[in-house]
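Trainee: Have a look at the structure that comes next, please.
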Amino acid sequence: MIKKASLLTACSVTAFSAWAQDTSPDTLVVTANRFEQPRSTVLAPTTVVTRQDIDRWQSTSVNDVLRRLPGVDITQNGGSGQLSSIFIRGTNASHVLVLIDGVRLNLAGVSGSADLSQFPIALVQRVEYIRGPRSAVYGSDAIGGVVNIITTRDHPGTEISAGWGSNSYQNYDVSTQQQLGDKTRVTLLGDYAHTHGYDVVAYGNTGTQAQPDNDGFLSKTLYGALEHNFTDVWSGFVRGYGYDNRTNYDAYYSPGLPLVDTRKLYSQSWDAGLRYNGELIKSQLITSYSHSKDYNYDPHYGRYDSSATLDEMKQYTVQWANNIIIGHGNIGAGVDWQKQSTAPGTAYVEDGYDQRNTGIYLTGLQQVGDFTFEGAGRSDDNSQFGRHGTWQTSAGWEFIEGYRFIASYGTSYKAPNLGQLYGSYGNPNLNPEKSKQWEGAFEGLTAGVNWRISGYRNDVSDLIDYDDHTLKYYNEGKARIKGVEATANFDTGPLTHTVSYDYVDARNAITDTPLLRRAKQQVKYQLDWQLYDFDWGITYQYLGTRYDKDYSSYPYQTVKMGGVSLWDLAVAYPVTSHLTVRGKIANLFDKDYETVYGYQTAGREYTLSGSYTF
């Protein structure tokens with residue numbers, strides 16, 4: 001039975017960047033309801049990834065981390081740095097809320113969806129991933145789920161690492177965390193990553209002429225943080241990071257025209273916070289500022305030529321969160337304020353625009369005997385579409401010790417992006433997309449196996465579609481998504497197993513046709529063990545059939561893309577207590593497959609890396 005005492009002592013909103021690296025049921029998570037709580041008390045399906053997991057998997061991108069998680073389907077227009085989309089439980093890529101240290105990712109404000117191919121893996125210390133509706137807690141976008149990437153680290157000392165691999169991949173990273181007296185801690189990081197890449201596009205799918213070239217990626221990152229404890233209950237922090245990325249890609253091309261095939265992204269973020277961590281009352285105030293400049297251009301003409309485009313956005317955020325422990329649970333409440341400003345020309349919108357949103361929310365969690373109840377409600381006041389309300393509720397019943405039934409219902413929404421509102425084909429009268437979701441689940445511990453099986457349904461209305469006849473965007477689409485998700489983890493002797501299965505039937509509710517680019521079935525399996533000081537890991541992933549569009553000729557044709565089984569092999573060896581070497585083979589059997597029609601994947605890839613700590 002879940003211990004109430006652990007909930008009472010753990011509930012807190014002291015930080016979105018929880019430092020716990022343990023993945024046990026009592027690991028503290030903050031993303032589900034904006035306050036710290038043991039993961040076992042979260043009724044929504046929750047997954048936590050630590051930096052140790054990322055190092056063990058030897059992931060070189062955020063997408064490689066997320067693709068391993070239940071309910072996640074990643075599609076990408078090629079290799080490193082290429083445009084990618086995250087589908088959670090069959091919902092649109094724009095229906096995933098991505099947070100960085102609890103603050104909305106700025107880049108998603110331009111396109112309406114988060115492209116994590118550009119976010120440096122070096123910054124990721126922890127990922128908290130929640131499936132299901134969370135608009136009642138966070139507002140817009142949280143229809144399919146929430147991904148909270150946490151950059152705060154708790155690794156005193158210095159680490160130097162380097163890696164090399166296929167397609168001329170190289171990576172160099174230096175980080176340090178030092179204590180300045182008893183109450184102050186400083187963290188610094190610098191990272192450089194580069195790959196020559198490969199030709200990502202199959203011939204004939206980018207216009208009248210093929211582009212046989214390497215499509216590489218370059219990323220340079222800096223990070224700094226200062227944390228200070230003023231007293232036993234008051235603390236504060238200042239944090240900033242920035243990255244400078246360049247991506248070469250294949251684009252639609254006709255002879256005689258500039259070939260816009262290079263992306264240059266500058267992004268910087270700054271935030272500061274003050275926290276009060278009392279015995280019964282917790283509170284935090286966080287302010288943040290982020291600025292991104294996203295160029296697409298022909299390198300022969302430069303970023304400032306008339307053929308180039310610039311998407312520039314500034315985002316200002318203020319969050320005030322509070323939590324009070326009451327009985328065997330707590331009540332949380334807070335206010336979010338956000339302003340997004342775009343420069344003229346962003347997202348093909350001639351004028352610059354400001355969009356402001358103020359949200360107030362209330363959350364609650366209470367344990368009564370063998371029952372756990374959870375609820376949340378939120379009201380958003382948006383400068384474009386006015387006021388919108390969402391709510392959710394869940395109940396868990398531990399009917400036998402170690403076994404629990406969970407039922408939940410929630411509403412959520414997605415606000416239209418700036419291009420849909422104000423672009424050349426925009427419609428300023430668009431309403432938010434709306435969702436209603438139901439889920440039922442059983443979970444338990446049987447013979448050493450931690451397992452969970454859930455079924456869900458998601459009805460999405462007022463989907464924003466483009467009308468070919470009126471050349472405008474309208475709220476005229478509907479989607480119906482049904483799915484089953486099963487997860488389990490267990491040990492057999494020295495072997496650790498983690499497995500998940502997803503079945504997703506995502507359809508257009510009007511035409512009854514499958515939604516594009518979603519795999520109908522996925523199987524994911526991770527096997528880890530240690531032998532003679534070598535740490536071994538095998539990753540298996542089955543991607544089922546999916547549908548896409550062939551845009552090489554008009555009218556566009558729907559194509560069916562077959563399933564594929566992928567294997568990765570990773571090994572690490574601690575040469576000394578300070579030096580560790582690692583090696584990995586991705587796509588071990590060199591399978592040829594695509595997740596976006598016409599865009600090739602990398603095939604078999606090798607990486608070799610080492611890290612030295614002191």
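Note: Cβ is positioned from N, Cα and C throughout, glycine not excepted.
Copied straight from Swiss-Prot:
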- LEU83, SER85, ASN92, VAL110, SER111, ALA251, THR309, ARG517, TYR551: cyanocob(III)alamin binding site (BINDING)
- ASP199, GLN211, ASP213, ASP215, ASP250: Ca(2+) 1 binding site (BINDING)
- ASP213, ASP215, TYR249, ASP250, ASP261: Ca(2+) 2 binding site (BINDING)
- 38-152: domain 'TBDR plug' (DOMAIN)
- 155-614: domain 'TBDR beta-barrel' (DOMAIN)
- 26-33: motif 'TonB box' (MOTIF)
- 597-614: motif 'TonB C-terminal box' (MOTIF)
- 1-20: signal peptide (SIGNAL)
- 169-178: transmembrane segment (TRANSMEM)
- 184-195: transmembrane segment (TRANSMEM)
- 217-227: transmembrane segment (TRANSMEM)
- 232-248: transmembrane segment (TRANSMEM)
- 309-325: transmembrane segment (TRANSMEM)
- 371-381: transmembrane segment (TRANSMEM)
- 385-400: transmembrane segment (TRANSMEM)
- 403-417: transmembrane segment (TRANSMEM)
- 449-458: transmembrane segment (TRANSMEM)
- 535-550: transmembrane segment (TRANSMEM)
- 585-596: transmembrane segment (TRANSMEM)
- 602-614: transmembrane segment (TRANSMEM)
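Describe each of these features in terms of where it is and what it packs against.
Mentor: Listed in sequence order, SER113, ILE143, GLY144, LYS414, LEU463, ALA479, LEU515 are the same-chain residues at least 6 apart in sequence whose CB falls under 8 Å from the CB of ASN92 (cyanocob(III)alamin binding site).
A coil conformation is recorded for GLN211 (Ca(2+) 1 binding site) in the three-state DSSP classification, outside any helix or strand.
According to DSSP, ASP250 (Ca(2+) 1 binding site) sits in a coil region rather than a helix or strand.
DSSP labels the residues of the motif 'TonB C-terminal box' (597-614) in these numbers: 0 helix, 10 strand, 8 coil.
Within its own chain, the transmembrane segment (169-178) is flanked in space by residues 60, 80, 122, 153-163, 185-195, 223, 605, 607, 609, which lie at least six positions past its ends and keep a Cβ under 8 Å from the stretch.
Away from its own ends, the transmembrane segment (309-325) comes close to residues 8, 11-13, 34-35, 102-104, 106-107, 109-110, 260, 271, 280-297, 303, 331-343, 345-348 of its chain (Cβ-Cβ under 8 Å, at least six residues beyond either end).
Same-chain residues lying 6+ beyond the ends of the transmembrane segment (371-381) with a Cβ under 8 Å from its Cβ atoms: 2, 33, 41, 43, 135-140, 329, 357-365, 387-398.
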Trainee: For LEU83 (cyanocob(III)alamin binding site), find which of the binding-site residues ASP213, TYR249, ASP261 come within 10 Å, Cα to Cα.
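Mentor: Taking ASP213, TYR249, ASP261 one by one, the ones whose Cα falls within 10 Å of LEU83 (cyanocob(III)alamin binding site) are TYR249.
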Trainee: Expressed to the nearest Å, what is the distance separating TYR551 (cyanocob(III)alamin binding site) and GLN211 (Ca(2+) 1 binding site) at their Cα atoms?
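Mentor: Cα to Cα, TYR551 (cyanocob(III)alamin binding site) and GLN211 (Ca(2+) 1 binding site) are separated by 16 Å.
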Trainee: Note the mean pLDDT of the domain 'TBDR plug' (38-152), expressed as a whole number.
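Mentor: Over the domain 'TBDR plug' (38-152), the predicted model scores a mean pLDDT of 94.
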Trainee: Around the Cβ of THR309 (cyanocob(III)alamin binding site), how many other Cβ atoms lie within 10 Å? Please give the count over every shown protein chain.
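Mentor: A count of 16.
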Trainee: List, in sequence order, those binding-site residues among SER111, TYR249, ASP261, THR309 whose Cα sits within 10 Å of the Cα of ASP213 (Ca(2+) 1 binding site).
Mentor: TYR249
Trainee: Do me a favour and check the Cα-Cα span between ASP261 (Ca(2+) 2 binding site) and SER111 (cyanocob(III)alamin binding site); whole Å is fine.
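Mentor: SER111 (cyanocob(III)alamin binding site) has its Cα 18 Å from the Cα of ASP261 (Ca(2+) 2 binding site).
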Trainee: What is the total of other Cβ atoms whose distance to the Cβ of SER111 (cyanocob(III)alamin binding site) is within 10 Å?
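Mentor: For SER111 (cyanocob(III)alamin binding site), the 10 Å Cβ neighbour count is 17.
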Trainee: Beyond the listed site residues ASP213, ASP215, TYR249, ASP250, ASP261, identify every same-chain residue whose Cβ lies within 8 Å of the center of their Cβ atoms for the Ca(2+) 2 site.
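Mentor: Other same-chain residues near the Ca(2+) 2 site: ASP199, VAL200, VAL201, GLN211, ASN248, ALA251.
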Trainee: Return only the integer: C-alpha distance in Å from ASP250 (Ca(2+) 1 binding site) to THR309 (cyanocob(III)alamin binding site).
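Mentor: Here the two Cα atoms lie 16 Å apart.
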